[in-house]
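Here is the structure we will look at, set down as structure tokens.
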């Protein structure tokens, strides 16, 4: 846990100068991009820090106090661990879903602009985003509930939560929902690149390559969050 926190802080410091130049000192960006950046980076880091604290700090602190006092109440210890585990699971899962939804929304807005803000594209993206993100939130809640029913805390495994019966079926359904929206995004970008007037076929390839590269830069944190989950 400590190594993960150190790596996160080190990564933040490595890109801090670029962040200051591109976000905070730039006059070309309004308040909305800065707010989105804060949610995308600092909120995610805050969740990870709290997770590290809850997983390691709470458990080790409770055990240390119990041992130092000469009284180790197994039942009280398990209750403390169970509560911390519950908080971590709810916070981490739901905050990850919120962050993924935010990134999906940014990608959808980028695709909407590539369609010259056409209403038909806006309607398709709005409906698809609403359905997918609503389903994602429902599946995330189901995942946490099922996860809590099949988890246990073990002092032998480092006082962390672990799964006893594998992943719930809602996890593949959740990832499939997000993947379906990503596939729709790719298809819309491809269709738009082929639909635009062009002199040669190479222009369509260049257009798709350009938009695809931009979407990749936006979606790369998305894939990171999914891997973390």
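Yeah, the Cβs are placed from backbone N, Cα and C, and that goes for glycine too.
When TrEMBL is compared with the stretches 24-41, 42-59, 60-77, the one noted as transmembrane segment is 42-59. When the domain 'DUF6533' (2-43) is classified with DSSP, helix, strand and coil residues number 35 helix, 0 strand, 7 coil. In the predicted structure, the domain 'DUF6533' (2-43) carries a mean pLDDT of 81.
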